[in-house]
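As structure tokens, the structure follows; a few thoughts come after it.
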Ligand code: KG4
Ligand code: ZN
């Protein structure tokens, strides 16, 4: 079974091809190709992702990326058929796409390679959560291709993608069959990205319950906002983290003590906006008294990262105890953070349970995780009428 994954929920245009076989314990996959085209540099001028710009860029870039993906996957697609309904499919989509998504439509019109049908069995596309104008690009392309190639389209939850993406064993090279990391249930997943901070109880693959979430800013958003206050470029998370690591290595002490928000509260929720405000006041005060220099900045970055690490780890440890979790999962863009990875490694040792995290290059948004969720879905409903869901929430999904 070959699945094409499409991901356009934020500022990465991503496509992947994945082959799978078996089910349950014998489920195996091999990665054929996974490509990500980041728009981060374009959005940095705005200090955040600008939705209509993201939509336009996805529309322009996704067909050239698909062309590249299929070319690179050619050894897997020797026999191809000719799409005899090419013209008919263009006619069917013309009105809708030329009005709602002109950039995508223009690229589709120039994409002659689409008439050759590769041996792809199904398409998995991110339905949400994410930026709706951006999500629509992937969904529209998915609908067009599933009609043209006459294969099913499966709607995938982006956050489920981050969970399953953490189970990919990246040590094996592309093209080699492998198993997913084995999860013992119940499992707890901490999902941390630019738009989300969630603790998810997982009782079986596909059965998710959000038991804690942020009441204001997501943790990645907090990293990005604080990085901006410290004069670092967008997306600021990795820059801030590097500055904090420098401070750690040079034993720079934090100039102030920041709060550990919600740490003593009797629930699993998070709040990060107060932390950002505390950083802002600390900077203003230091500027007034002439103490705001590079050492102060580095110390503050370290204290911020420590405050976030303390909060996320304390809340996750409580959740492990509450549900008696047997596996700990961390996923989402912020899971690339070294301080968090070290702390979560300690937690997993303390509780004697395995910790699964995505490899660095799969921690950010990618389409491999989306293809994988689609492939695990054993009852693919043909979702050619799917709508983007910007605020989609994890719940019970139909998996293996
Ligand atoms: O999952 P993701 O790629 O996109 C969303 O779905 O949001 O996450 C992006 C977020 C950004 O806020 C970025 O600053 C943050 O992940 N991030 C980091 C690190 N690498 C990426 N935050 C802290 N430390 C890092 N090393
Ligand atoms: Zn994400």
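Placement of Cβ uses the backbone N, Cα and C atoms for every residue, glycine included.
Automated prediction, rather than curation, is the source of TrEMBL annotations.
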Looking at the Fe cation binding annotation from TrEMBL, with 158, 162 already listed, which candidate in 346, 365 is the matching residue?
365
In TrEMBL, the substrate site includes 191, 192, 193, 194, 195, 224, 237. Which of 61, 337, 366 does it also list there?
337
Between the C-alpha atoms of residue 192 (substrate binding site) and residue 365 (Fe cation binding site), the distance in angstrom, to the nearest integer, is 12
In three-state DSSP terms, residue 237 (substrate binding site) is classed as helix
Where does the mean pLDDT land for the domain 'Gcp-like' (115-371)?
95
Does any of 193, 195, 224, 237, 337, 365 have a Cβ within less than 6 Å of an atom of ligand 2? These are the binding-site residues; tell me which, or none.
193, 365
Give the distance between the Cα atoms of residue 162 (Fe cation binding site) and residue 224 (substrate binding site), rounded to the nearest whole Å.
20
Long-range same-chain neighbours of residue 365 (Fe cation binding site), Cβ under 8 Å, sequence gap at least 6?
7, 9, 10, 12, 14, 36, 158, 333
